[in-house]
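**Q** A single structure is presented below for examination.
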C-alpha cells in the first residue's frame, strides 16, 4: 500500500515539474530553458521516430490538450496534491509523530493547519478573479492607461488584434488558450485555468507566496520532528542489526536515515516533497517579486529579450557586411540599415526599478475584476 502511495506521489511531483517547465521560456540560456527544450522538443522528436507519424499525431493531440488547452484537469490535480499532501502530513506527522516529541508540539499543528487554509483560500481567489479582459467597451480606457509604453518597436500604436478586432493596448497580449486579450499580460497559468494579468496578479502572487511559505514551514517542522525522534530514541548512540549478516553495527547518519525512512516512510516522503516544492516555489516567488520591483512582466521580459537578441544579431551581421563591402553603394546601404537597427534598439523601453515595496503597493491596489467584461478606470501615473 505504501509503495503505491509513494509511486502516486512521485507521479504527482513529476507532473508538477512538467507544468512548471511549461511556463519557462524555451529560448532561455539557463538550465530551465535547456530542460524545456529537452522535454518539449527533443523527447517528442525521439517519440516521432519510434512511434511513426500516425501514432505520434494522436500522441501530440493528447499533449496539446493536456498542456495547452483550458481544461480543469490541472485544478483537480492541484486539489489532489495540495489537499492530499496536507492530509498525509496531518495524519502521519501532526497526529502521530508530534505526540511527546521534544522539538515540536500541537501549537505547530495549529499554525501549519491555519497556513494550509490560507493556501487553499488563495488558490480559490486566484481561480475566481479575472485578469483584466479587454473588449470593445473598455478598449480605449486600457489604451490610454498604458499609452506611455508605446515605443513603436515592442508595442506599436494602432496595432490591431485580428481575433478580438480591437486596438491592442501596450503591455497586453492575446492568449490563444483563453482566446481573449489580457491587460498587462504576464502568462497563462494552467494551475488556475486562466491568464495572469493586471487585475488578478496580486492573487497569483499571494497564491505562490503562501504555498512557498507553507512548503518551507512543512520542511522546517519535518527537520525538527525528525531530530526530535533521533534525540528521543537516542539513535546516535544506538546499535543496529544488519538484516542480512545479523551483525551489530554502530549508528551512522546513513544507517539512521535508512531506519527513519523505513519506520516513517510516508512522513519522510512528504517532508522531502515539501523540501523540493519549497525550493521551487520560493525561487518562483522571488522571481516574481523581482519583476514587481522592476515594474515588468514575464511576457515583457521574453519579448524584450527576443527583440534585443534579434537586434544584436542583426548589428553583428550588418557590421560584418559593412566590413566586407566593396563599393560605395554597398557601404552606404549597410551603414543606413545599421543606423536604423541601432535607432530601433534605443527606442525599446527598458525596465524601471521602482523597488519591491512600491511595486507591491501598485499591484495590490489594483481593483478586483469578477466580470468577464470589466470596465476599467484610468489611473494616475505612479
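Backbone N, Cα and C define each Cβ position, glycine as well.
Caution: TrEMBL annotation is automatic and unverified by curators.
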**Q** For the transmembrane segment entry in TrEMBL, name the matching range from 219-242, 243-266, 267-290, 291-314.
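**A** Within the set 219-242, 243-266, 267-290, 291-314, TrEMBL attaches transmembrane segment to 267-290.
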**Q** TrEMBL lists transmembrane segment for one of the ranges 72-92, 93-113, 114-134; which is that range?
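**A** Result: 72-92 is the stretch TrEMBL calls transmembrane segment.
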